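What TrEMBL says about this one:
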- His215: active site, proton donor (ACT_SITE)
- His215, Asn216, Ala217, Val218, His219, Asp256, Asp365, Gln416: AMP binding site (BINDING)
- His219, His255, Asp256, Asp365: Zn(2+) 1 binding site (BINDING)
- Asp256: Zn(2+) 2 binding site (BINDING)
- 139-436: domain 'PDEase' (DOMAIN)
Amino acid sequence: MELCYQLPVLPLDRPVPKHVLSRRGAISFSSSSSLFGAPDPRQLSQRRGAISYDSSDQTALYIRMLGDVRVRSQVGFEPERRGSHPYLGIDFRTLHCNSVQQGRSIPARRIRRLFSFQRHLLSSRLLRGAPHLNPLHILDEDYCGQAKCMLEKVGSWNFEIFLFDRLTNGNSLVFLTFHLLNQYGLIELFQLDMVKLRRFLVLVQEDYHNQNPYHNAVHAADVTQAMHCYLREPKLAQSLTSFDILLGLLAAATHDLDHPGVNQPFLIKTNHYLAALYRNTSVLENHHWRSAVGLLRETELFSHLPVEDSLSIERQLGSLILATDISRQNEYLSRFRTHLDENDLCLGHASHRHFVLQMALKCADICNPCRPWELSKQWSEKVTEEFFHQGDIEKKHKLEISPLCDSEANTIASVQIGKNQNILIYELTLNMGGKE
């Protein structure tokens, strides 16, 4: 299988250390080292070439120019069984093999996962205060340094999630969620094992379908970042407990887990097994919730907590994810309007805080139109592409075409007009700040 993946960036005016040259691998270079401090971070994607080398052959130096940097090679890892993690056993020479090795090729996303996990191990050691045992991580540090700079402004509503996803080599959900959990002090407070946590986040990211134009891991990362913005609102920040914040972030990261790229009516009219399993009620949301619970139990992330506490986390996580069901929108809006009109929303009550978390997650899930235009436009194009893809399937099988899914009768603009009525939820959330 042909593999394309992004490479760490090293400025041209920075010499490559000898110990780095002893590694087998590759580096890419940009046209200017000012990219690390450029006022426009989008310039970071303007890479100009790459150098690959192999210490076993000092004369083997390959330079690729013209356009984006990509390595294309045949990789022959044995397929990985879920639960096993051969992260530290990578032979970098396999990246430059021209011959097809025996065995089936591993999917590209799992190769990215192998390399990314090595960087994750480094960050985990730094969080534990462990010293550098060897200096071979310099390229990884350069590569992650730009993403870390972006994380300093993770609370900004203008956070460019697409750029962040490129800088993290497609691992935006893992990087961002881990950073937020650590920033809030939740890892230490709940005594989370960082290996289990990292494995859980990697599996969550892996269970999102990257072939979905919209409902993918980048969308989950975007919702998690938006949830963080809401959690930082003064009234919520003063009232929410650490347990509330943990639930909010986990729910945001897993709220569309294993999304098939089609909506609930499609699953029902095609007699999909999920529709039968959940009796045509909140089909996708139930599946997202149960998938998240499955990963929590598989990784034993909360196995050190009392059984009652871990079950409570699972139940409340489900309550938050189920709130994203668009078919129950009016129910939540009516309840929220009632609270605002009667001015009886008391964040000192656990049930009221949980309801606010439900509303915050609903807002984060549909907040794309409220983002800056450059981000909003991209999301509009992606969600419309996914809608039209479903419509094409429905046409092919002579099914009734779902609303907004007919590419011949709708445009990006008309689809957004139909969707943007949901901005009302966001406006109501902002208004809540003026209520006691």
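In case you wondered, yes, glycine gets a Cβ from its N, Cα and C as well.
The structure, with features from TrEMBL marked on it.
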| residue | record | Cβ contacts under 8 Å, 6 or more apart |
| --- | --- | --- |
| His215 | active site, proton donor | Tyr208, His209, Asp256, His259, Gly261, Glu386 |
| Asn216 | AMP binding site | Tyr208, His209, Asn210, His259 |
| Ala217 | AMP binding site | Gly170, Ser172, Leu173, Gln205, Tyr208, Asn210 |
| Val218 | AMP binding site | Ile161, Phe162, Asp165, Ser172, Leu173 |
| His219 | AMP binding site | Tyr208, Asp256 |
| His255 | Zn(2+) 1 binding site | Ala220, Val223, His288, Leu320, Ile321, Thr324, Leu361, Asp365 |
| Gln416 | AMP binding site | Pro369, Ser380, Thr384 |
Additional residues around Zn(2+) 1, ordered along the sequence, whose Cβ is within 8 Å of the centroid of His219, His255, Asp256, Asp365: His215, Ala220, Val223, Ala252, His259, Thr324
Record lists His215, Asn216, Ala217, Val218, His219, Asp256, Asp365, Gln416 as binding AMP; longest Cα-Cα distance in Å? 22
